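Database features, via TrEMBL:
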{"type": "COILED", "residues": "B:371-398", "note": "coiled coil"}
{"type": "DOMAIN", "residues": "B:324-376", "note": "domain 'HAMP'"}
{"type": "DOMAIN", "residues": "B:487-589", "note": "domain 'Histidine kinase'"}
{"type": "TRANSMEM", "residues": "B:12-35", "note": "transmembrane segment"}
{"type": "TRANSMEM", "residues": "B:306-323", "note": "transmembrane segment"}
């Protein structure tokens, strides 16, 4: 009897042992390696394959020399998509699939910094404020802390076709330090002489208006970045009427979206591109037009004494997301590349026609070289000089929200509505939307 | 080796029971295991397939919704004045143109649902050469190329439907070099015959994959097939763009007959196919389920197998102990019985073990007892019979001896030698009395020797005194008892056989003690015999003119009968030298109260 009881015990033990063995095999391998792999992978989001994506790739190559163990994934994504994804992620605190480093346009960064404090890493440790231009740093500085690494200059310039202008009887001398009225007159002559439009305008994107406003140090908001400044904004009014005159004079090709904008100058449909210097990488792509281009300072507003022949449009900077694993590595990456590496900047000038916002970049080799494409002009020097004259502006948080409203108002004005009345409505509308957002 | 075989043979019952049990336990375990594994696999695969069907149903629903969204956008593009105006008007610089474009973009943006539409490009192309692309992407083909493309041509044929077509190169920078699905429709005036433009929604693989990728795993892959069997989207990217007619056929069969799933062999693997047609898209959504991979996902059966093995071992161990416990008594019973077959009836079998075995042992012991006593009885009877026989022989004085002796007497009397005759008659009568009249079985050694002397005297009378007989009786042996007529047959034998043809000889008879034994020796110096003749001598019976019926053999038998096997007669002889007969019996004194002996 005792014998069988002992056996039962042994059997029970065996069963138990078998069960625990089962349970043990159920567990997967440790998740340690996955975490470690993440630590050595960086993801970067940018939006322009010919420009900032290319820049990131170059930086990756430079970084690989110092730290070959790190894998850097660079993803091209539409800018609006990037903004949507960041907003979604921040508002839900779900950081899955977000990059470590992201390029954000200067107009938008204030909104992010104010709406989601703590989501971006303080980069004061790697960014030396003396090294970069002030107008650029201002938008990414919050309570004395610098949250981004300035990348491209948004310096506006007037790129134009020397051949078309010559056909209309204008020399390069004639193109220096124009006012917009003079520019429109020239445009009319060009149109008459060559049948080509002077420039493209995108009714949904008021880049031209922004260029004009910043040339006078004005914006949709006052200097505090918060008070809506539309109805009483003389600079805005002057800009809008200039825009209207451009349209009415018939020198502007209406395009919608990026692709027709680029195609217009690449296919020789327009005689000039008054835009940010980042557009250069697309201009030089049309190699058959080499030597036919020149760069002049951006025109200034008539009747506005503060307006200078320098302005800015767009331009972006690199930011590090603090909640995505690998933030320290990302900081190291930026610190060793865009924040300090002048050799990299020099290469970028050569490869993507970057106009850097790094002050010391002035002395670099390529920067002083004459550009063959632009007829031997030392464009980088010129652009750098203009960049330094850009009046600083506090873009505030809602540039694009207000631009939607202004674009609509502009259409009304062009359809014949009274400007003061329309802008008064716009002011109310803008204030409401700012309060609501 | 021999030993092991022997051991196995002696345990054959245990072995047989155990092997049968082990076999059946293993059979049952293996059968149960395989049946249950098979069943659980089937259930798992069925469940997996079922859930895949449901997933496919859900994806189908999602894609239906997606189609709704696309058709909504298409309807905005078709019906909104701004689009029509942009695609038909030649005016591209006036304030109206600006307003047209502004409205168009505004309307489109507001028609787009949020989120995933940002990954897609909406492309508008007018026959007048104008084009528009939503998002920052660019066209990678010219407007003319796009208008000539197969996608557009197909759209031209059915302008009022939304067509979903596969293209190898999704003509925008977002999908550059990648295949894509293009939803397209023709733009025309209501009732108009010709299209003024075309609208396309370029759907990158990535967006399509988002519809189903979260539902796929290692074990199943999902894909979209167009009506020509081309794989236009798949969780396995490498398959995209290839035609698979076999799969299309299977999928169509599944759809038409509403089967739960179909089966197909793809690259050597057995696959289950679940499929549904997606309305509007004109695609087939197909799920391929790899049975092997699913089962791999189930995990290994090793723990279960090990468990089963353990259980089998445990059961076997228990069985072994129980069976051994049961068979051990039988085994020892067998061992005991084996001894009995060797003739030892006195050994009892220990009564132990379970009830049956105990009963068996008891019965066996009972039988053994019976057998033993019966045997003993038989032996006793046998012995008694033999003794009686010998006694009868003892009694039989050979008539020839009497005739011969009487003839000698007559001869002596006739010679007048009456003194000798008287002496002879005395001897003869003493001899007769000693042998026939006396009832005692055993007599003192002195008496035996006296009888022997009388016999020798009579023999001398008959045959003369050439053969001398000398007697020696140890003093302490006088009263020792010995069976009657123990020595006489040997002396007689010596008289008749030892001295054939010899002139004279001598026989020496001595009785003495050796330890507790009484040893009598009859030694002659006659012709002797070879060793083989000794045996013959011992086994032959008495002869016609011997004194009694007792022969040499009877003497030996009788001694053994009386005293045991260790006593008896031994003869040693050498041809030409003589023969010595030694008779050994225990020395037993006669009780002195018997007054009748001398």
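Cβ atoms here come from the backbone N, Cα and C positions, even for glycine.
TrEMBL labels come from automatic prediction, so no person has curated them.
With a threshold of 8 Å between CB atoms, the same-chain residues lying at least 6 positions outside the transmembrane segment (B:306-323) that come near it are 14, 17-18, 21-22, 25-26, 29, 33. Sorting the domain 'Histidine kinase' (B:487-589) by DSSP state (H, G, I as helix; E, B as strand; all else coil) yields 32 helix, 36 strand, 35 coil. Mean pLDDT for the coiled coil (B:371-398) in this predicted model: 81. Taking H, G and I as helix, E and B as strand and the rest as coil, DSSP gives the domain 'HAMP' (B:324-376) the counts 40 helix, 0 strand, 13 coil.
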